[in-house]
Structures are given as C-alpha cells and as structure tokens.
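The transmembrane segment annotation in TrEMBL covers 31-57, 69-90, 102-123, 144-167, 187-212, 252-273, 285-306. According to TrEMBL, the feature domain 'G-protein coupled receptors family 1 profile' maps to 43-303.
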Amino acid sequence: SSSVMNISEHLSCPLGFGHYNAVDVCILETVAIVLLTFLIIVGNLTVIFVFHCAPLLHHYTTSYFIQTMAYADLFVGISCLVPTLSLLHCSTGVHESLTCQVFGYIISVLKSVSMACLACISVDRYLAITKPLSYNQLITPCRLRVCISLIWIYSFLIFLPSFFGWGKPGYHGDIFEWCATSWRTNAYFTGFIVCLLYAPAAFVICFTYFHIFKICRQHTKEISDRRARFPNHERGAAGETGHSPDRRYAMVLFRITSVFYMLWLPYIIYFLLESSRMLDSPALSFLTTWLAISNSFCNCVIYSLSNSVFRLGLRRLSETICSSCMCSKDKDVRDPKPRKRANSCSI
C-alpha cells in the first residue's frame, strides 16, 4: 500500500545543491523557482492591470492576444507554486505521480497557448501591413474571440495523450522523484508535438515577419526616393509614412517573439535529445526548463521598455495607486465626515 500511496514527499535536487544536515532543502533550486514564481505573478498582474488602465492599447487587435498571453503566463506563475511548496516540504497530500502529470500537463498547455498566440500575432500584423484597406473587415472582435477559444481548446487537446501513457508532455527539470525516474519521454510523442505545434508556429512566425520587414523596407525606400526627387514635398511625403506605427509595433512584437524562441530553443533541443535517448542530464534538464519558464516574466519587461503607450499606462497605474494611498492617509488623519468630495483618486 505504501507504493500505492505515493505521496509527493521525495525530492530530487537536479543541480545537486542541497544542505541535508540541518534542513533537507534543494537550496539553489528553491531560490530560483521562488524568485521566478514571484516575478512571473507580479509582472503579469502588472501587464493585465495596465491593459485595463490604458484604453489606447485596445486600439490594437493584438491586445487580445497579448492579454491572453498575460493570463496564461500568470497561470504559469501560479502553477509554479506547486514545485515551490514541494521543495519547502509543504506536502499537498496528492499522489506524486498525479501531481507530476497534472503539473507537467498544465505548464505545457499554458506555454502552447503563448506559442500559438505569438503565431496569431504575427499573422495579424502581416494582414495589417499587407491588406490595410480590408483589415478591419478581415479581423473583427468576434473572430478574434473565436480564434483565442480555438487556441485554448487545441492546446488542451494536443497534450492529452500524455495521460494515456504516450510519453511526457515536455516538462523537464523534475523536482519530483517520480517525474525524474519513472516518467520518460517518448520519441514518437515528441515528434507529434513538434509536427503539430512547434514547427508550424515557428514556420508561420518566420514567414510573416520576413514579409513584414521586407514590405516595410520597400516602403521606406520608396519614400526616401520620393524625398530625394521632390525635396519641396518633404512634408507631404512625411504624411505617407502610414506604415511606420505598424512597423514600430511589429518591432515590439518581433522582440517578444525573438526572446520567446531564444529562451525556448535550449529547452526544445534538450527535449528532442532526451526523447531520442541521446542525452540525460538532470542539471541541463532543470536549467533549460526553468529558462523557458522564465519567458513568462519577459513579456512585461519588453513591453515596458519598447512600447510608449504601455509605459504611459504603467505610469497612470502607479499614479492611481499612489493617489489612492494618499487619499486613504488623508482620510485617516482628517475627521471622517460624510461630505461629498471631488473624485481626486481616479484617473
């Protein structure tokens, strides 16, 4: 019965840093996961609140996908509380095998949502630049909601075979001993995931951004030639740079996509090598997995550094929080009388 009641109490320290004399804790692993969990949750909550406080961000249809990614990354951070609590010896009372399978499945689904959203964002920007006149008819809020719903459904379905014994859904860096020793990757399942998720998303992103920057470069060259021919009409030509806002926003999204794939590429390579039984290293498994998961925090950093509208929304959010704190302090100091006051705490 002890084998049946396999409670998640056994820990494996992939990096080998554990102080076992005083406290049985994987020190380096615990610090890394706790820090990542905190940054992911706080960062994505900030992104979600900023989108609610900055109406200008909703002028871009990609805001639907950015917010979907933010919610998915937020759930990644919340899910990371499971290995955090396990490392801190807070037993969940659930079978270790079930905990490992559910956690791996949820993480894989959430990152699949992010990957699919990045592919849809690249298609959206491609249509915005190649078909500017018919764009509003092609991309409607209703179609965007349907697309996001399909992304979630597809992500939930594609990893379901892992529950029926067909391989591991892709989560490595195992903290639970059962995950590290008993749950093995399968080359066929890995090929299935690569063919139906990783490869199509990467192909769509490469194709669309290649053509986006090609079109923008041609457009910039045409404007430069017109300015060289007609220097007196420089102001009129300046008004023809209609694609420059789209190009700047495409650059922001391209940075997000590039960082995503740079952080996920080591994970995907290790996933393929381990599935083909060419490599088996707990330390590399841990590092590549949590490097990929750290991408859930990067989007808010890239947005805050690259998008002026997002920075404006972030400043408004901080001003709102500060003003609400000041208002609450004033109310504590003054005599609380039921008097009508101006709405000074709102934006």
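Each residue, glycine too, has its Cβ placed from N, Cα and C.
Sequence-distant contacts of the transmembrane segment (187-212), counting only residues of its own chain at least 6 positions beyond either end whose CB sits under 8 Å from a CB of the stretch, comprise 112, 115-116, 118-119, 122-123, 125-126, 129-130, 158-159, 161-162, 166-170, 247, 250, 254, 257, 261, 268, 271-272, 275-277. Ranked by the number of CB pairs under 8 Å to the transmembrane segment (252-273), the listed stretches 31-57, 102-123, 144-167 are led by 102-123. If you look at the transmembrane segment (102-123), the same-chain residues 6 or more away from its ends with a CB under 8 A from one of its CBs are 62, 65-66, 68-69, 72-73, 75-76, 79, 82-83, 147-148, 151-152, 154-156, 158-159, 162-163, 168-171, 179, 183, 197-198, 200-201, 204-205, 208-209, 212, 253, 256-257, 260, 264, 292-293, 295-296. For the domain 'G-protein coupled receptors family 1 profile' (43-303), the model's average pLDDT works out to 81.
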